[in-house]
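K.L.:
A single structure is presented below for examination.
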Amino acid sequence: MMKEMDVTSLWIGMLAQLKQALPPTIYNTWIEPSLLPYSYENNQLILDTAQQFLRTYLSKNYLEDLKQAALAVTGTPTEIKLICSAKEPIPTEPAVAETIHIKDTGEPQSVAKKEPLQPLSLRDTANTIDSAPDLLIKEAKSLPITENTTPENQLDASYTFDNFIVGNSNRLAVAKAFAVADAPGRKEFNPLYIYGASGLGKTHLMHAIGHRILEKFPHMRLRSITSEDFVNEFIKCIQDKNTESFRRQYRNIDVLLVDDIQFLGRGDKDSSKEEFFHTFNKLQQDKKQIVLTSDRPPLDIERMEERLRSRFQSGSVAWIDPPDLETRTAILKTWAEKIHLSIDNESINYIAANVSENIRELSGAFNNIQVLASAEKAPVTLSMTQRAIRYLVNNQEEKKYVSTDEIINTVCQFYSVTYKDIMGKKKTKDIALPRQIAMYLCRELTEHTYPHIGTVFGGRDHTTVMHACSKISQKMNENDHFKESIDKLKQHALHGDN
């Protein structure tokens, strides 16, 4: 009988299998950095995840892939259990058999007590995510606030990872946020720059990073502030002739979180920008973590010095898109469950379909419905929902949905090219332009993110899609005839020959 291999050897072999079997974006974001080998005995492999939402997501989406990888390495079927060390009892030395209960299954599992292994590695999750959105968190649970969470830190107790809904629109940003929170100061994530339109959850994610850092590293000194408050504090210290005190506050810390950094560029006070530049440099050189949020990419911040903009993108940049239909639906269901609101699926689907700009707008619509249901002392129905949010949907064009395949086929027919041409690597003008137009229309007519569209178009990088959209938009602004052609294509994609 073949001797059972040790857990580390098995996991290394499985990683090799999974790296070949899964798309790089999935492997680099959800597999290699998210799982640790814990134990392997009697054909049962136990893997540890750092977060409950990771355990839920991986169990639902990649358990079979893990089993296939284990089978390829061992040659025998292997039972795989995922546990969360933050939520469940983890066996420790000495190696004595003990019965523990894995949450959700309630089944006793006999495992040997031992110290959890250290991570094999934690790679940069800079690649994009293309997997389907999922409702990962069912309940809103705040992390305990440590003694370091002082009023000066201004961390909102309700902004934690546990109540942040993950979907295609924010998955990359969440993955990078976890990487920062679990290992602050790493060069490839310092600074972490998160951008997106107002109301998409940037501040929530930044505060979640702060809470998790203080939970894991209670000795760390953390400061959370808006760029506007940074400027105001600095000006006051100049007036009080107390700039040294200001510098001590901001340069002798371990973590700096700055919200809405774009406002730093709008101010007329060059001295404030100069002070932030030196503060940034000092913290980065000392390997102290910096997290910035903005409503635009670093290079698009107006009236910001080039030396600051280049530093903002010297670590890792992540974006948050407006939530797609499935994510909006998941958010609404979570809110309803949290307050025990009786609402049918038809109503939830109606809200999700008609309120799509950002989470704040979605929250406003939900609150209106909740107030109306409370006033009428009745369960929420579609009729009630339509009355409650009619101010949002009046005068709007009826929602039309079109698939990426329908868009691509429309473009192919219009330009007399083949689907294979669009998906291929040819860069001749007669192929490249229709491909860029198809990418632009997919972005305009669907709710798919840049990464998802890149995946649709043969696994292209999201920056390729962004460039295509920018180029087509610019050409439409410069050429009325071209704009008319694109508008006709839009109508044909939406309505067919009608």
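Each residue, glycine too, has its Cβ placed from N, Cα and C.
TrEMBL: automatically predicted annotations, no manual curation.
Just so it is clear, the model here is predicted, and its values are computed rather than measured.
TrEMBL lists these features:
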- G199, G201, K202, T203: ATP binding site (BINDING)
- 188-318: domain 'AAA+ ATPase' (DOMAIN)
- 403-472: domain 'Chromosomal replication initiator DnaA C-terminal' (DOMAIN)
- 1-127: region 'Domain I, interacts with DnaA modulators' (REGION)
- 374-498: region 'Domain IV, binds dsDNA' (REGION)
K.L.:
Output, ordered by sequence, the same-chain residues six or more apart from G199 (ATP binding site) with a CB under 8 Å from its CB, or 'none'.
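P.N.:
Expected: E357, N358, I359, R360, E361.
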K.L.:
Using DSSP, break the domain 'AAA+ ATPase' (188-318) down into helix, strand and coil residues and give each count.
P.N.:
70 helix, 23 strand, 38 coil
K.L.:
Below 8 Å Cβ to Cβ and six or more residues apart, same chain only. Which residues does that give for G201 (ATP binding site)?
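P.N.:
In sequence order, the residues whose Cβ lies under 8 Å from that of G201 (ATP binding site) (at least 6 apart) are F164, N170, I320, I359.
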K.L.:
Using Cβ-Cβ distances, find the residues under 8 Å from T203 (ATP binding site) that belong to the same chain and are at least 6 apart in sequence, listing them in sequence order.
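P.N.:
Non-local contacts for T203 (ATP binding site): D156, Y159, D259, T293.
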K.L.:
Using the Cβ centroid of G199, G201, K202, T203 as the reference point for the ATP site, which residues of the same chain not in that list have Cβ within 8 Å?
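P.N.:
My list of surrounding residues reads G196, S198, L200, H204, L205, T293, I320, I359.
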K.L.:
With every protein chain in view, how many other Cβ atoms are within 10 Å of the Cβ of K202 (ATP binding site)?
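P.N.:
Counting Cβ neighbours of K202 (ATP binding site) within 10 Å gives 24.
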